[in-house]
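Data first, discussion second: the structure below is written as C-alpha cells.
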Amino acid sequence: MTVDYKNTLNLPETSFPMRGDLAKREPDMLKNWYEKNLYQKIRKASKGKKSFILHDGPPYANGNIHIGHAVNKILKDIIIKSKTALGFDSPYIPGWDCHGLPIELKVEGLVGKPNEKISAAEFRQKCREYASEQVEGQKKDFIRLGVLGDWDNPYLTMNFDTEANIIRTLGKVIENGHLYKGSKPVHWCLDCGSSLAEAEVEYEDKVSPSIYVRFPAESAVEIEAKFSAQGRGQGKLSAIIWTTTPWTMPSNRAIAVNADLEYNLVQLGDERVILAAELVESVAKAVGVEQVEILGSVKGADLELSRFHHPFYDFTVPVILGDHVTTDGGTGLVHTAPDHGLDDFIVGKQYDLPMAGLVSNDGKFISTTEFFAGKGVFEANPLVIEKLQEVGNLLKVEKIKHSYPHCWRHKTPIIFRATPQWFIGMETQGLRQQALGEIKQVRWIPDWGQARIEKMVENRPDWCISRQRTWGVPMTLFVHKETEELHPRTLELLEEVAKRVERAGIQAWWDLDEKELLGADAETYRKVPDTLDVWFDSGSTYSSVVANRLEFNGQDIDMYLEGSDQHRGWFMSSLMLSTATNSKAPYKQVLTHGFTVDGQGRKMSKSIGNIVTPQEVMDKFGGDILRLWVASTDYTGEMTVSDEILKRAADSYRRIRNTARFLLANLNGFDPKRDLVKPEEMISLDRWAVACALDAQNEIKDAYDNYQFHTVVQRLMRFCSVEMGSFYLDIIKDRQYTTKADSLARRSCQTALWHIAEALVRWMAPILSFTADEIWQHLPQTESARAEFVFTEEFYQGLFGLGEDEKLDDAYWQQLIKVRSEVNRVLEISRNNKEIGGGLEAEVTVYANDEYRALLAQLGNELRFVLITSKVDVKSLSEKPADLADSELEGIAVSVTRSNAEKCPRCWHYSDEIGVSPGHPTLCARCVENVVGNGEVRYFA
C-alpha cells in the first residue's frame, strides 16, 4: 500500500487571493478606509514629526476628470504617502478653483445671462451651486484613485473664508506698492468680452490676410534729401509696412524703424519705396518685381520724425525708433497702433502717441470710426483691404498661415486691445528682478523648469489682474469718481469688506451700499465693478489657504506639483503674488510632469478617438494598475498610455502580487512572537536575503526621496523577480516544504520571509495602495498590536545587513548566482533535448578552477539545494572531458546526466538512499529524518 506523505509537508497556504480582482475589491477597501477615518489616523500617527507640505494646485471645478488629472493626483498621493513612510507629517488638503468664465458659460447655458432673465445675485448663486456639483463629481473620481486626503474639508476658492483671504492678499499687493491702473493693450477675447491672462492664451495656426501697405511721404523732397537721392528715381515715394492684421490700420499712429538698421530708398517698378536694406530682395520677390535700383541709404535714426500720410485717413504719422523692429520678416518698417500691440504701446508712450480707442468691448468699431463704424474687427479685414485698393495704397495682398493667439476656452482668435485695467507692475518695487532672484532659491524638478520660468518672467508683461465678469472675487476697491485715485483708507476698507465676505461670501460686496463704509465720501467715490483674474484666486492660495489652515501649523510650503503648462500658469501667478506680498517664493520645490499621449505619441483627442479615461481604466484594470502605470512612467517627458501599455503594467503587477502571495503563503503557521529566529542563528542564505532587502530598501527610500518613482518600480521588480523570484524563493521551497515544521531550518527561512514581507508591503504602499492594504491585513501579528493600516507606518526598521565577519558575504552569493545561472543554462539545453525533465532528475558535475572550487566547497552537500538538483559533484577544471562544451562563465564547465537513482515521492529528489528505513521504504534518508527523526540540519541554504 502506498503511503501519502502529503500531510507531513509544510505546504503553502493563504487566504490572500491569487487574482487581484482590483476593479471589484477596491471600492470595498475605500469604504473601509473612510468608515474608519484612515486619513485622520495618519494625521494622529504623524503628529509632532517634521512637516512636509505639498500644496494642491486646484483643478477647475468643471467637467469630469481626465487622465491628466489622474496622473497629477496619483503623483501627489505617492509623494504624500512616501513622505509619511519616510517619517514626515505630510497633510494633504485637496482644492478646487471655483470662479471664472467656464462656469459662467455653463450657467448661462442653463439660466441665461445675468441681468437678462436672472439677476446678477441669483446668477452668482447658480454658479456657486454648479461649482459645488462639479466638485462632488470630481471628488468621487479622485477618491476612487486611492488618493488619501481631507476630502471632507477641501479648500474651495469660493469658500467664504478663502474669498475673504483673497481680498486680503490684494490688500498686501496694494500695501507694497505693486498695483496700478492703466490703459494698455491686453489680450482681449471677443467671446468672453473680457481681458485674458497670459496663461489663458494658446497659440494655434490661423490663415490671415498678409498685406504690404504704402504710407505716402508728406514731403518727397525732404525724404530724397535724407537719402541724398535728389533727382534720382521716379514715381511717388512711400514707406512700406507689412501686417497680418488689416483691421488695426484705422488705429495706426506711427511707423517704427530700428535706429541702427540700414534703410534703402529703392526704385521698385514705377515707384520709390523705403525698405530695410536686408529685406529689399525678399519684398521685391513678394510683390513680383524682378529688378530694383538702390537710390540711397541711411540709418534708421536719420528717418526719425519724418512724416508720412496715413494710407486712408486725412492725417500724417511720424517715423519713430523702436528696438523691437527687426529684419526677421516684413519690410523693416513696422505699422504702429498703440491700442493693439504691447511693443506699439511701449514705444508709443515714449513719443506721446495718442491712443485711438476705436474698438469697443464687443470687438466692434465705435460709431465715429470713419469707413468701418459698427463692423467687427475680423469682419473689417476685407473692408480695409478694399479701402486700401480704392485709394491706391495697397502694394500687395495674399494669404498667410501663421501662429496666432487664441482663447484657451473658446478656441477663437483674440485681439490686443487697450482698455483701462488694473495691473501688477513687473518693474514697480523691483518685482521682476526679485522674482528672478527667488527662482534661483527653488529646486526645480526636472531642472530645466528653472530656465523655462526664468525666461517667462524675464519677458512677461505687467499682470492685468482685472476682469469684467460676474462670477469672481470682486476687486473691492473704491476710486474717486473724477480722478480714479484709490480711496486714502483703501487698506482699512479692504479689511472691512473682507470681514463681510467672510460671513456672507462675495455677494456681500455687490450688496454693499457705499455709504455704509464711506459715509460722506460716498458722494465722491464709487465701487470698482471689476472682478479678479482667477489666476489671482489660485495664485494666492499660499496665503489664503495654507497660511490660514490649522493643519499646516504656519509651516512654509515644500512643494508645488503640476503639469508643465503651469510654469506660465499657477507656478507663475503664485510666484508673483508671494514675491509681491512676502518677498519670497511660495514654494521650496516645484515638480512638473508631462502630458499624456497615446501609444503613437499623439495628444488625446475626441476627433481622433484616442481618449483614455481614468474611469475606463479603473473599471477594466483597477486603480492600482493605473497607479503602477503612473509610477512606472518617467513623468519628466510625455507620458504614453494605451491599452497595450496598461496590460504590461498589469503583467508587472501580477509578478509583484505573486511574490507577496508566496511570502504570505509560506508564513502560514508562523507566529513572530514565538517563532522569530535571531539574526546570528539564521541560516546564511536567509541572512543574505534580509540583507538584500535592506539594500533594496535603501535604494527605494532614496528614490522616493528624490521623486524617482520609475526607479522605485524598477527596483521593486528587480527585487521580486530577480533577487527573490529567480533565486532565493526558488531555492527555499525545498527547505520550507520538507523540513520539520518547527525546525530551525524552516523557522529561519520564515523569519527572513517575514522581515521581507514587512518591508515589501511598505515599499509598495505609496504606489500599489490597495494591494498593500490587502497584504497588510494578511500579515502575521507582531508582539505589539499591528497598526490597523500600513499607511500610518514608516519604512520597516527590522531589516539588517551582513556582519563584517560573515563568511558567506554578498560577494560570495553574487558569485554563486553566476554559477547557478550557468548550471541552469546547461540544464535548459538538456531539457530541450529531452535528456531530463526537471532539474531534480539531473546529476550535475561542475568542473571548476581553484577559485570556484573553493567557493563551491564552502556549501558542502547543500550546494545541490542552491542549484536545485538531486546531486552535484565538483571537480577540477583540468578533469574536464575534451568533448564538453565551453561554459559561458570563465573558470567553470558544466555537464548534466540523467539520474539513475530512485525518486523520493515526498521531496521529489532522486536518491541512492531510498529504502534505508524499513518503516518508510519509499522515502529518502533525508525525508525519514524530517518525518520521524529530529529533522535535517541546514547551515548555509
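Placed from the backbone N, Cα and C atoms, the Cβ positions cover glycine too.
Small disclaimer: the values here were computed from a predicted structure and weren't measured.
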Motif ''HIGH' region' per Swiss-Prot - which of 26-36, 59-69, 125-135, 642-652: 59-69
Per Swiss-Prot, the range holding motif ''KMSKS' region', considering 138-142, 243-247, 398-402, 603-607: 603-607
Cα distance (Å, whole number) from C927 (Zn(2+) binding site) to K606 (ATP binding site): 66
Secondary-structure category, per DSSP, in which E562 (L-isoleucyl-5'-AMP binding site) falls: strand
Residue counts (helix, strand, coil, in that order) that DSSP gives for the motif ''HIGH' region' (59-69): 3 helix, 1 strand, 7 coil
Overall pLDDT of the motif ''HIGH' region' (59-69), taken as the mean: 94
For the motif ''HIGH' region' (59-69), sequence-distant contacts whose Cβ falls under 8 Å of one of its Cβ atoms, 6 or more beyond its ends: 96-98, 100, 102-103, 106, 131, 134-135, 137-138, 141-142, 156, 563, 595-596, 604, 611-615, 617, 641
Integer Å distance between the CA atoms belonging to E562 (L-isoleucyl-5'-AMP binding site) and C927 (Zn(2+) binding site): 61
DSSP helix/strand/coil residue counts for the motif ''KMSKS' region' (603-607): 0 helix, 1 strand, 4 coil
Env. residues of Zn(2+) site, Cβ within 8 Å of mean position of C904, C907, C924, C927 Cβ: T738, P905, R906, W908, H909, S911, I914, L923, A925, R926, V928
Binding-site residues listed as C904, C907, C924, C927, least Cβ neighbours within 10 Å: C907
By Cα-Cα distance, the member of binding-site residues C904, C907, C924 nearest E562 (L-isoleucyl-5'-AMP binding site): C907
Sparsest-packed of the listed binding-site residues (E562, K606) - C-beta count within 10 angstroms: K606
